[in-house]
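Remarks on the structure that follows.
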Amino acid sequence: MLIGVLGLQGAVSEHERMLADCGAKTRRVKTPEDLNGLDGIVVPGGESTAIRKLLVRESMLEPLRDLVAQGLPTFGTCAGMVLLAQPESLAGIHADVERNGFGRQRESFESDLQVTGWETPFHGVFIRAPYLKSVSAPAEALITLDDGRIVAATEKNVLTTAFHPELTGDKRFHQYFIDEFVKATTKTA
Amino acid sequence: MVETGTTLVKRGMAEMQKGGVIMDVANVEQAKVAEDAGAVAVMALERVPSDIRAAGGVARMSDPAMVESIMNAVTIPVMAKCRIGHIAEARILEAIGVDYIDESEVLTPADNNYHIDKNDFKIPFVCGCRDLGEALRRVGEGSSMLRTKGEPGTGNIIEAVRHMQKVNEQIRQVTSAKPEHLMAIARDLRAPYELVKQVHDLGKLPVVNFAAGGVSTPADAALMMNLGADGIFVGSEIFKSENPAKFAKAIVTATAHPTDYSLIAEVSKNLGNPMKGIELSTLTDDQKMATRGVE
């Protein structure tokens with residue numbers, strides 16, 4: 001199993017470490033050629049505008065959007081969620097995204113999150129984080145805060161979180177991505 | 001429970017900037033050029049270091065109205081500088097909500113003995129360092145991000161290279177040292193023992209370390225990334241060059257692809273003259289910024 005981590009900018013090595021801890025091989029994706037032969041891809045946190053501009057400049061935006069549309073298992077955190085929710089970027093999930101939705105860095109926060117079906121809460125680290133105002137079918141909200149803001153959501157082959165599982169020592173989201181998205185796809189293929 | 005201003009959130013913010021370029025900007029127009037070029041953040045300051053050098057006198061925190069105008073103009077993070085040890089300037093920048101504060105030797109130091117206790121702030125700080133001891137003292141005070149000091153506003157990369165090489169060489173020494181030698185190493189580095197121990201165990205600094213001070217060309221950015229910088233600060237050079245938009249984009253590309261030399265060659269073509277630069281031996285000790293402030 002080979003999982004790519006989009007490596008143009010942002011918290012790339014943190015995702016690589018988490019995926020390696022889950023037993024996956026990783027490849028840092030910096031050129032269109034690096035997209036070949038992947039079983040899944042992670043779009044990491046970073047600055048979404050900077051990552052988007054680099055994707056366009058390296059002629060990777062369209063090939064990656066096509067792969068996502070064709071069913072490549074994709075996990076986006078923070079900036080990754082923004083790019084996957086923007087129709088003009090990766091268009092991986094039907095959702096209305098609010099960039100920097102919680103405010104500036106001063107308002108960045110940590111909070112425990114309840115995930116349906118998980119025994120203990122997941123510790124969410126939100127850094128100038130986005131949120132989803134709404135999702136529409138076939139997208140589904142996975143974690144919704146008390147005030148209605150959606151901070152994790154899925155759609156078919158796509159998993160997104162507004163927070164950074166890669167900054168905690170908790171592997172559950174990466175494991176969930178591998179088990180329920182990557183392995184599920186590999187089996188049916 | 002919701003907690004803001006935690007160590008994880010402050011250091012995590014710097015992690016998100018990795019592989020990116022942070023650009024000095026002096027007005028809204030420049031901030032937009034930087035954002036459009038793919039900068040991961042801008043540093044709002046009224047005068048870039050080379051202008052500070054030329055103007056002389058006391059350099060202070062920028063006008064809060066100027067910083068706010070930039071915060072309103074771009075969606076990427078906005079950083080601003082306060083003087084070393086100037087707690088009030090830092091609190092003012094925190095009050096207007098900048099995303100990161102640079103306690104910077106580029107401005108005239110306000111305190112020749114103490115840096116700011118940065119642990120106490122909700123906003124993260126970045127500080128300059130020339131060696132591992134200085135780096136870990138700043139982290140001990142609560143800095144969430146480090147950068148080389150370099151020699152700002154000179155267009156000369158030699159000091160940034162020296163500082164990056166020095167820190168990394170000392171990290172290698174600490175990492176390979178016997179655990180029972182760490183206390184003596186901490187004494188010699190004048191660094192907190194706990195942080196020396198952390199570097200020993202992690203094999204790296206506990207926070208990200210960017211290159212700053214003298215990065216003038218895409219090749220300079222690539223050089224610093226290859227020497228182990230997590231990202232790049234560019235000061236005077238972009239907006240002193242002939243074609244700032246093209247120049248800024250070229251530095252972003254070189255930082256994102258620091259070993260793709262044909263690509264860097266491509267973006268380096270016809271950039272016009274970079275800033276003239278200053279040979280460091282022509283500066284007197286008084287004119288050097290890297291040695292300002294404490295120690």
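Cβ atoms are placed via backbone N, Cα and C, with glycine included.
Automatic, uncurated: that is what TrEMBL annotation is.
Here is what TrEMBL says about this protein:
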ACT_SITE  B:K81  active site, schiff-base intermediate with D-ribose 5-phosphate
BINDING   B:D24, B:G153, B:G214, B:G235, B:S236  D-ribose 5-phosphate binding site
BINDING   B:Q165  D-glyceraldehyde 3-phosphate binding site
DOMAIN    B:7-212  domain 'PdxS/SNZ N-terminal'
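In this structure, the C-alpha atom of B:D24 (D-ribose 5-phosphate binding site) lies 24 angstrom from that of the residue listed as 'D-glyceraldehyde 3-phosphate binding site'. For the residue listed as 'D-glyceraldehyde 3-phosphate binding site', the count of additional Cβ atoms within 10 Å of its Cβ stands at 13 [all protein chains shown]. Of the chain residues outside the D-ribose 5-phosphate site list B:D24, B:G153, B:G214, B:G235, B:S236, B:V48, B:P49, B:S50, B:V106, B:P152, B:T154, B:G155, B:G213, B:V215, B:V234, B:E237 have their Cβ within 8 Å of the site's Cβ mean position. For B:G153 (D-ribose 5-phosphate binding site), the same-chain residues that are 6 or more apart in sequence and have a Cβ closer than 8 Å to its Cβ are B:V48, B:P49, B:S50, B:D51, B:I52, B:R53, B:V106, B:G235, B:S236, B:I278, B:M289. Counting only residues at least six positions away in the same chain, the Cβ atoms of B:G150, B:E151, B:P152, B:T154, B:G155, B:N156, B:I157, B:I158, B:E159, B:A160, B:D220 sit under 8 Å from the Cβ of B:G214 (D-ribose 5-phosphate binding site). For the pair the residue listed as 'D-glyceraldehyde 3-phosphate binding site' and the residue listed as 'active site, schiff-base intermediate with D-ribose 5-phosphate', the Cα-Cα distance reads 25 Å. Under the three-state DSSP scheme, B:S236 (D-ribose 5-phosphate binding site) falls in the coil class. Classification of B:G153 (D-ribose 5-phosphate binding site) by DSSP places it in coil, neither helical nor stranded.
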